[in-house]
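Taking it in order: structure first as structure tokens, then the write-up.
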Amino acid sequence: MAGPPVVVARARRAVRLSLAERLEQLADDTGSGHLSPRLLVGLSGGADSLALLATTCWVGERMGLATEAAIVDHGLQDGSAAVAARAAAQAERLGAEAHVLRPHVDLDAPGGIENAARTARHDALDHLARERGALAVLLGHTLDDQAEQVLMALARGAGPRALAGIRRSRGHLLRPFLGTGRDETTALRRADTEQICTLHDLDWWQDPMNADPELLRSRVRHRALPLLREILGEQIDENLARSADLVRPDVDHLDEEARALLPALRRDAGELAEPGDLLHLDVHALAAVAAPVRTRVLRDASRSAQRAIDAGEPGGSTKSLVRRQVLALDALVVSWHGQAAVPVPGRIEVARRDGLLVWRRPAP
């Protein structure tokens with residue numbers, strides 16, 4: 001008896017391995033007892049997410065896991081409600097219960113509409129996952145998406161975290177078609193997902209925004225990468241994704257080291273504390289930390305200070321430091337010559353005082 005087409009078998013293996021890693025993670029998590037044997041697949045109606053849904057339905061059934069589809073209608077395009085309804089109908093046809101979500105998108109948020117829509121989408125998916133008790137949310141990013149992401153990071157001179165690309169998994173979020181740590185060969189291309197849809201007789205939606213020349217990702221997809229393939233060879237996509245795979249373990253290790261170190265560097269200023277102070281670090285202990293970890297500690301401390309403010313001001317947002325701010329903060333630690341406080345995101349400034357690096361609200 002003949003098996004499934006090769007591309008279908010690869011997709012099934014990718015989903016199965018990704019779910020196996022998630023289940024192993026949950027086996028050691030004492031807080032996961034409330035989760036149900038349910039999976040959510042983010043579904044746009046495009047080829048990538050439709051192929052993922054069809055594959056997850058097949059794999060999930062054999063693993064005793066129910067599969068549901070989460071369709072996010074941002075309401076930013078004409079006809080978006082019809083697209084969502086069509087995707088829901090396709091999900092039902094595949095045997096997956098469909099949920100259509102319509103989150104609010106903050107059009108004035110920093111980073112542009114694309115970033116605001118992504119934030120709203122992930123927040124909506126997280127909320128539904130908690131509501132349904134899903135053990136995982138699966139997203140249909142492919143190797144092509146990874147290559148585009150890494151190329152855009154290179155173009156803007158981004159740091160190692162951005163060059164590490166899109167994470168294969170983060171908590172309950174899984175991206176099986178990016179491959180797994182166990183088998184990177186399970187990564188799928190956009191052409192693979194279209195072939196899977198054709199084999200399942202699924203008619204996918206073509207998002208017009210993917211062809212909008214005003215969007216950087218669209219220009220990278222339709223102009224930059226085709227030119228690079230012509231000049232550097234067809235393997236450029238795989239090579240960009242491989243570079244991300246090589247960078248990611250080092251970045252993850254350094255990030256984890258910084259997260260573990262931050263609590264040990266925090267100090268109670270006691271009588272030295274002043275009104276408006278949010279966080280204090282031992283500047284001399286911090287100076288002894290290797291630079292790649294030290295700069296990460298500075299980033300983490302800034303996020304922690306922002307969260308301290310956000311806790312009392314609902315609706316606040318945590319923003320990352322830009323490179324010039326990181327360098328200025330690092331200079332307070334290792335090149336101190338009496339310089340002024342450094343402004344950082346969140347209406348916060350950082351100053352050196354009494355052997356401490358202090359995150360504080362500026363005096364009115």
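Using the three backbone atoms N, Cα and C, a Cβ is placed for every residue, glycine included.
For the domain 'tRNA(Ile)-lysidine/2-thiocytidine synthase N-terminal' (39-223), the model's pLDDT averages out at 92. Residues or ranges marked as domain 'tRNA(Ile)-lysidine/2-thiocytidine synthase N-terminal' by TrEMBL: 39-223.
Reduced to three states, the DSSP call for Ser44 (ATP binding site) is coil. Residues or ranges marked as ATP binding site by TrEMBL: Ser44, Gly45, Gly46, Ala47, Asp48, Ser49.
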Neighbours of Ser44, Gly45, Gly46, Ala47, Asp48, Ser49 excl. site residues, C-beta within 8 Å of centre, ATP = Leu43, Leu50, Ala51, Gly140, Thr193, Trp204, Trp205, Asp207
Query = According to DSSP, which kind of secondary structure is Ser49 (ATP binding site) found in, if we only use helix, strand and coil?
reply = helix
